[in-house]
Amino acid sequence: MAVASPISSFVFFVFFSFFLIPATLSIAFESPETFIVHVSRSDKPTIFTTHRHWFSSIIASLPPSHHPSKLLYTYQRSIHVFSASLTAAQAKELRRISGVLSVIPDRVRHIHTTRTPHFLGLTDSFGLWPNSDYADDVIIGVLDSGIWPERPCFSDTGISPTGPNFPESSCNRKIIGARAYYRGYEAGLGKPMDEIKSPRDTEGHGTHTASTAAGSVVANASFYQYAKGEARGMAFKARIAAYKICWSSGCYDSDILAAMDQAITDGVHVISLSVGDTDQAPLYDHDSIAIGAFRAVEHGVLVSCSAGIPVPIRTLPPTSLPGFSRSFPADVILGDGRIFGGVSLYSGDPLGETKLPLVNAEDCGSKYCYSGELNSSKVAGKLVLCDRGGNARVEKGIAVNLAGGAGMIIANLADSGEELIADAHLIPATMVGQTAGDKIRDYIGSDSSPTATIAFKGTVVGTSPSAPRVAAFSSRGPNYLTAEILKPDVIAPGVNILAGWTGYTGPTDLDIDTRRVNFNIISGTSISCPHVSGLAALLRKAYPKWTPAAIKSALMTTAYNVDNTGKSIIDIATGERSTPLVHGAGHVEPNKALDPGLVYDMGVGDYVAFLCAIGYDSRRIAVFVRDPAMVDCGALSFGSPGNLNYPSFSVVFDTNNRVVKYKRVVKNVGSLIDVVYEVKVSDHPPGVEVSVSPSKLVFSIENQTLSYEITFSSVELERVGDATVSISKSAFGSIEWTDGVHVVRSPIAVEWREDSK
């Protein structure tokens, strides 16, 4: 594929081999690992003309090993880093070399997916779409599994010309660049990979996220008979630069960092990164995505990531079930006449009205329906109830089919509750919630001849009982690295989303699935991310001088936290009302973000001060900054990390600290220069007194930026009204600044701990 702009990336994998050999020989036979090495830019000896020459010399100076050391990437365009394949002994020696700031093992991460514009209130008539010209000429860098450029959602019809330096033969006006990064991935494998070494998407996920963020308008889009209508991405006139960083076994930090480095150089305005970590997040200076995001913000680039990585620099959206009046019902009808609601995207021949014998997979050899473990003599010709979990949902149906089963019902267990995910099953199948599943199991166990069928109803448009709701799989707080920063930031649609799909594999991404589709419907936290990325691109077009922090602030302070019934948004994982630890500031509301009134702005210096506040010294901070002169914690530090000018508040009390004070600075971005905002505590966190000083902000032509202090005081922990408040309890609330037109809301999360940390 032609390349409009250069692009690059980075990887992590650790492989240990232990041998019973003398210690004097152990170094020679150590298995290599990939390490990411941060260096001080100013320490480069003058005899080296480039940093790459310096890096190569450093590698060559290390003790020899059985496996030759290898330089994988140099990140000198915007980040002074390199990655190399080294033994553990070589890495230890490398840490002793002057100018080397840190040596971090590479880390593997994984991918976390027509009516969402309507649900979000986006319309051609008013609001964010027309006022941002649909993000025309804004570039979104999508770091994912690549892209399938021939799909109609990547048509450049209606997109403005790219300029004289980019001929039409290079990609098109929609996809203006594409590259692949796999050096770290191959180093992790320990051998050349057998996958296609190009930006072409062989997984589907990258095509889906790219088209969700910036897909062009496509009429009559659908997945078979499901979700028919006009499809368009959030910022459908934005351009796409695709950076393939994810392969069949994961996405490595070394490749991710290289892609971020190149995306910054390419001049993207937004980076969309839908990958995450199953482990607890590493420290900030050991987190390559955090370091890359810092450098991106330094260049005015907003980074939108799937939730799960608690970094204050990035915008992190967890997932909501939009409840946008569209569902794919596939109901279970039992032999006794009871009907239980389910969902499915099965597109083959229906079962019909005749009911089939119904069995519980647990009685047939495998309650999770593992392939090869079901007893065909008990399953053949029957409808099989399988428990959710253990293996992929669609794979369960394949196992049932191989055993001769006629269809399948997947029943949620307690960890998934009532969350329903529609899948493109290969056999007649549906999914039901935990309550329905328990009743179906009871029916099977109590009836001598249980029967059932599944009624597939296609796409149903109507009113959801409560919307939106937070998906059970959505990432949640608290922030384990820095409790004083509330995470997640916002929630956005991420369940049953229709978007473009690769032509390489079927909609289930299974080898047995021979179907090929232009569009697919999938779900995941990674699918909420491109929604926010597209919205950020729209705001970037509407306000080209806004910083990434200002854009984030606009999305957060205008988000809503109640559903269409006027009550707090439901968390499907618990069935209870969600809190800011689940929904952050709330669900994004794009048209209100166009006119937020006030923004909480930040620059690079604020993030450096934050690092000072959490105890980082100049050496650790040097991993992030280009100019060591910026690192003066004595001058920069603002005390508590909670003083970072974030649009939310996270308060930690302990037995020695019963009063917490934070300072915030807000900037007037409304149409009126002379305006007065007054504050109110709209939702008091139980057990906490909240006061704000001053309670009124008077903006004028001389003062468009003003500050305030907010004080949180813990009342007696033994009694609060008629309730007892115990140590380690959490409480939640919010404050609102309003001028009578705008409402600038910030959530509050409070935690009581036994000891200070």
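Glycine too: its Cβ is placed from the backbone N, Cα and C atoms.
Keep in mind that TrEMBL annotations are predicted by a computer and have not been checked by a curator.
Listed features, source TrEMBL:
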ACT_SITE  Asp144  active site, charge relay system
ACT_SITE  His205  active site, charge relay system
ACT_SITE  Ser526  active site, charge relay system
DOMAIN    34-112  domain 'Inhibitor I9'
DOMAIN    136-308  domain 'Peptidase S8/S53'
DOMAIN    356-440  domain 'PA'
DOMAIN    460-563  domain 'Peptidase S8/S53'
DOMAIN    643-750  domain 'Subtilisin-like protease fibronectin type-III'
SIGNAL    1-26  signal peptide
Residue counts (helix, strand, coil, in that order) that DSSP gives for the domain 'PA' (356-440): 25 helix, 19 strand, 41 coil
Ser526 (active site, charge relay system) CB neighbourhood, other CB atoms within 10 A: 29
Residues that sit under 8 angstroms from Asp144 (active site, charge relay system) by C-beta distance, when 6+ apart in the chain: Ile111, Asp201, His205, Gly206, Thr209, Ala210, Ala242, Tyr243, Lys244, Ile245, Cys246, Ser272, Leu273, Ser274, Val275
Helix, strand and coil residues within the domain 'Subtilisin-like protease fibronectin type-III' (643-750) as assigned by DSSP: 1 helix, 65 strand, 42 coil
Cβ packing number for His205 (active site, charge relay system), 10 Å threshold: 25
Secondary structure content of the domain 'Peptidase S8/S53' (460-563), with strand meaning DSSP E or B: 28 helix, 17 strand, 59 coil
